[in-house]
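According to Swiss-Prot, the protein carries these features:
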DISULFID  C78-C139  disulfide bond
DISULFID  C168-C234  disulfide bond
DISULFID  C273-C337  disulfide bond
DISULFID  C491-C552  disulfide bond
DISULFID  C583-C644  disulfide bond
DISULFID  C596-C653  disulfide bond
DISULFID  C682-C746  disulfide bond
DISULFID  C803-C865  disulfide bond
DISULFID  C833-C843  disulfide bond
DISULFID  C906-C967  disulfide bond
DISULFID  C937-C947  disulfide bond
DISULFID  C999-C1026  disulfide bond
DOMAIN    143-245  domain 'SRCR 2'
DOMAIN    453-553  domain 'SRCR 5'
DOMAIN    555-654  domain 'SRCR 6'
DOMAIN    969-1028  domain 'Sushi'
TRANSMEM  1052-1072  transmembrane segment
Amino acid sequence: MTSLRRGNICWVAVCAALLTLTRGIDVIAKPSRTPSNGDVQLVGGASPAEGRVEVFYNGAWGTVCDDGWEMQDAQIVCKQLGFASANSTRCCASFGQGTGVIILDDLACTGDETRIGDCPHRGWEQHNCAHTEDAGVVCNGKVRLAGSPNPLQGRLEIFHEGEWGTVCDSDWDLKDASVVCRQLGYPSANSSSNVSFGPASTAQILLDRVSCMGDEHGVEYCEHGDWKNVSADCTHSRDAGVICTRPIRLVGGNGPMQGRVEILHNGEWGSVCDKGWSFQNAVVVCNQLGATQPRRPQGVPVGGGVGPTHMSFVNCDGTEATLEQCSNSGWGNAGECGHSNDAGVICTPAVRLVGGNTHIEGRVEVFNNGQWGSICPESWDAKDAEVACRQLGNYPLAEGDCCPQFPADVGVVLDNVVCTGNESRIQDCAHQDWGVVDCSGGQAAGAKCQATVQLVGGSHPLEGNVIVLRNGRWGSICDDNWDINDARVVCRQLGNYEAVAATCCAKYGQVPQEIILDDVACQGEEGRIEDCYHATWGSHNCGGSESAGVVCREIRLALDDSSSNLPKGRVEIVYNGVWGRICGTDWDLNDANVLCRQLYNSTAESVHSFKNGSGPILLSNFKCTGSESNIFDCTHNPWGDYTCDDADAAVVCRGGLRLAGGRTPLEGRVEVFHDGQWGTVCDDGWDLLDAKVVCTQLGNYEALSAKCCANFGQGTGPILIDGLACNGNEDLIEDCRHEGWGSHNCQHYEDAGVVCTDLRLTHENGSVSTNTLTGRVEVLSSSGEWGAICGKYWDKKDAEVVCQQLFNTSAMDTRKFYLSSPDQLINMGEVQCNGSESLLLQCPRASKPFTAQTCPGGETAGVLCKDIRLVSGNQREFGAVELLVDSQWGSICADNWGPNEGAVACKQLGYCAAKGTQKGLQPARTQGKMHFSSMNCTGSESRLRDCVHTYGGYTCNGLVFEAVVQCKAGCDWPGPIRHGSFSPNRSSYDPLTTIDVKCDAGYELMGSKTLQCVTGCDWSRPTPECQRISNCSIGGGGKPSVGAQAGPAGGVMLIIGIILGAVVMMLIACVALYLKGRNKNIGRGNPATTSAIWKPKKEFDELKEPVLSFSAMTAGGAGPEDGMGEDI
């Protein structure tokens, strides 16, 4: 090793040693000179201004006993160290136990001494103490913040040589401010500010050109200019200021105002035990964080912390400024409280947006000293608005017009707000003192935030699958554990709407966005869905058909009589997140009928008068015809017309009806409203006549089927009706005969359900198609008439929606039907579905009416829906056969399953033919729904339903219970072909594929040059052959003729030519090898030898061309993929 290397290693060792020595040193406040007897230092504190008191005596540091330890003693220690004064005393080894000698005991300072050794005491090293009694002190540091009532921010003042002064802001930045904040006991700085705090200082400017690295223990240890020697341009208008972060935070929640409570102590964050945790404790935490009242004092899902537990048994009365001022167990005395008992809170943000079109845009109002006030718009920009949106609930700032101005309808309380954009709250930004404003024009600052939740796929804006915004991308929510409490939060987040239903199973179509939220568990009181407990973002075990959805409502009845048999009450509506009333002027039975139909699928018993509510009057003068489906479709005065001299609008509805748990709005469990509550209907005697009345009441729909046995899930309320016996002509379900309200002998597993429809399929002759999944599509009009759909623009996406709505299956193809008569009714035209809608009526469509005469081409729309599938197979063409019956998939018993049945199944599935059939899958699967116990086909049928069959699978037994088929999707490989190949060369080919056939050199094709895979998975022609060319004509320029007789001379000449060519090639090779060997030997000075000419095989291998090629004599036909064939 060179001396330079040794030198480098030595330097590395020295640097490493120095780095090790400088790490982990306690924060110690002590003189920089060599200590002498009576010097003091503070050890073990989080800053130089606090710690265990240690005194130097007889060459060693020792501690002070806390017997008689008081503020006068602490004042002398702090002044001796250069601090302005003492803040508090600490006993009982609060900063840890020392290890040296106990130097002093029974101190009794008067306050006039300059050094601790001058105070009366028991005597040096005289004591009756242990290190558990070591005294400590907290000094008022050498820095303070002035000019602001907020202890976290202000003008920086520094203590030097007995006086306080300011610091010039030259070179002042966030690193300098962070050092000051840590020196004051705060975690770090939010910003370094030069905003004026309070009246201008009159103190001397002590420092300028401060330049901290960021890790110093105090600002005085940073690089800076000479004390009291500052630049001439440093005036008090340039006094440096800071805004510090709080020594308390919320961690582990889903927003800045919720989570596990953590506090900073001795430079370390730690949690608080929830033993004795109360609402008053949460109030103090929220006040300390600058928020308003807590939403929920306990039970917040916050996860476990990882640091120490600083405090336990906290007991606040709600008036304390900080949590540590409340009575508690003492720092670090948490007992056996683990992190499973960490306390948490959810605080209400001290900001709100008022006067906008939604709850997330409007005038910014902040809460301070018990009242709300607005902000002056001067200097207000996107960074300020960004902080407001974050504080409101982690909303991103809307793109475009982020910062509109609004009328200052409440007093302006804040001016000159300057945010960096990183703050959590507006109150943490630099600003003028509260109430000190210079703002004119009557305007206030505003913000427009971007919504983080949307509904997609619904027929109106207040229903659909839920998607949420996370880190700039939208994603869906899995429906695991999804319930009405989750829906309440989503509807509130969308605009304080009322939740009607929580939906599952991608009810409004599959969402293209990936699932990013799962296992949501809201209490129902949260402000945002993100605030609810949920699995880790992006973690889920769901598929695309499990998207969660909601149905919200912007209108409701404030029921004034819960004992009433009928739904009745004051009508309330929501606008911009605020619920209000409708003026009763001109409110009549037509208006009431529309409302009752909209809310309860019923009619109005009467209009009614109730005592007025407390919300604003939002609408008035409704003039409905009675045929509208939504109260807002009626004419009325503009929003915000508050003139009303009448009572509030109110109604009494005749009962109520709704469907729950269905895949579409037209199917589900039947629920009725009676005696102030919703309940179910028992399926005893439930039939299609009962279903017909339900579907008619819901909107003149046609009943497709009556469902029993809680087909749409079990209800949870009372069972209100049993033994229903409708004749089919009633208008309302309560008009039918039944056992009496609430009288039943049923359980919820007997809840009745229905499937209604506004679609049907008909045959070409107009008859209704009841047992097939193909036919002309007809739509039910609002007047109750069935009509066709013009087929001009009908495509596969439209057909997909129809098949999903009617049968919960996909579309195999579209169909077109000619008009059955010139007078045939057409109800719809130019449908433009995207394929994800759950109802055809949700698709965009032309508003212009169509008739048989105006429908282009005279064709109507039809569909062919898929009613067969293969499941549980390991490949696409193989599996157990399942058929769709009554919207349910079920299998076929394999007892009579054979080649004929397999051929029909494959034909129906769209395959060419069946390769084979078998009974049961391996491994066997659990037996599910079985539709057919036998199936007997001739093989000529187009569908399995056309075969002779028996419904039900009760007689099918054993592990091989289900029919399985292997279908052919195309033609097999047509080879092998000897001495030839196919292009393309594959193991199988799709129908209508054409392949080329080629022969090797010396062979000629006998047959067609192409083959095509035709219907039935057969090739269009037999596979051709390649035959050897037996003779060639020489010199004639003609094509070799297979089988032609050449003369003897021609044959002899051919053989002689081949032999002579071979001899010439060998001679050339020998000469080349000779010359190569000779040159090598000459280069070495050795004579050429025979062995140098005749080298081993390797040198022949190095030749660029082969001597002779026999490939044409040995090539065979190529097989699929490998290109190899057989040798002769």
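The count begins at 1 with the first shown residue.
Just so it is clear, glycine is given a Cβ too, placed from its N, Cα and C backbone atoms.
Locations of recorded Swiss-Prot features on the structure.
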residue	record	Cβ contacts under 8 Å, 6 or more apart
C491	disulfide bond	L462, Y497, E498, A499, V550, C552, R553
C644	disulfide bond	C583, G584, T585, I617, S620
C803	disulfide bond	L773, T809, S810, A811, V863, C865, K866
C937	disulfide bond	N900, E901, A903, V904, L944, C947, V948
C967	disulfide bond	L870, E877, F878, G902, A905, C906, L909, Y911, C912, A913, A914, K915
Would you mind reading off the Cα separation of C1026 (disulfide bond) from C682 (disulfide bond), to the nearest angstrom? 77
Mean per-residue pLDDT computed across the domain 'SRCR 6' (555-654): 82
C-beta crowding around C234 (disulfide bond), within 10 angstroms: 20
Mind tallying the domain 'SRCR 2' (143-245) by DSSP state, helix then strand then coil? 16 helix, 33 strand, 54 coil
Disulfide-bonded residues C78, C682, C746, C833 vs C234 (disulfide bond), shortest C-alpha separation belongs to C78
When DSSP states are folded down to helix, strand and coil, where does C803 (disulfide bond) land? helix
Could you state the whole-number distance in Å separating the C-alpha atoms of C273 (disulfide bond) and C682 (disulfide bond)? 51
Length of the line joining the Cα atoms of C653 (disulfide bond) and C139 (disulfide bond), in Å: 73
If you draw a 10 Å sphere around the Cβ of C999 (disulfide bond), how many other Cβ atoms fall inside it, taking every protein chain shown into account? 23
Taking every protein chain in this structure into account, which of the disulfide-bonded residues C596, C746, C833, C947 has the most other Cβ atoms within 10 Å of its Cβ? C596
Determine the minimum-neighbour residue: among C168, C337, listed as disulfide-bonded residues, which Cβ has the fewest other Cβ atoms within 10 angstroms? C337
Measure from the Cα of C596 (disulfide bond) to the Cα of every one of the disulfide-bonded residues C168, C337, C833, C843, C999, then give the nearest. C843
Alpha-carbon spacing, C139 (disulfide bond) to C168 (disulfide bond), which is rounded to whole Å: 25
Around the Cβ of C273 (disulfide bond), other Cβ atoms found within 10 Å total 25
Candidate disulfide-bonded residues C78, C337, C682, C746, C999, pick with smallest Cα gap to C833 (disulfide bond): C682
Around the Cβ of C682 (disulfide bond), other Cβ atoms found within 10 Å total 23
Rounded Cα separation (Å) that holds between C78 (disulfide bond) and C168 (disulfide bond): 26
Among C78, C139, C653, C843 [disulfide-bonded residues], residue with fewest other Cβ within 10 Å: C843
Site of maximum Cβ density within 10 Å, from disulfide-bonded residues C552, C865: C552
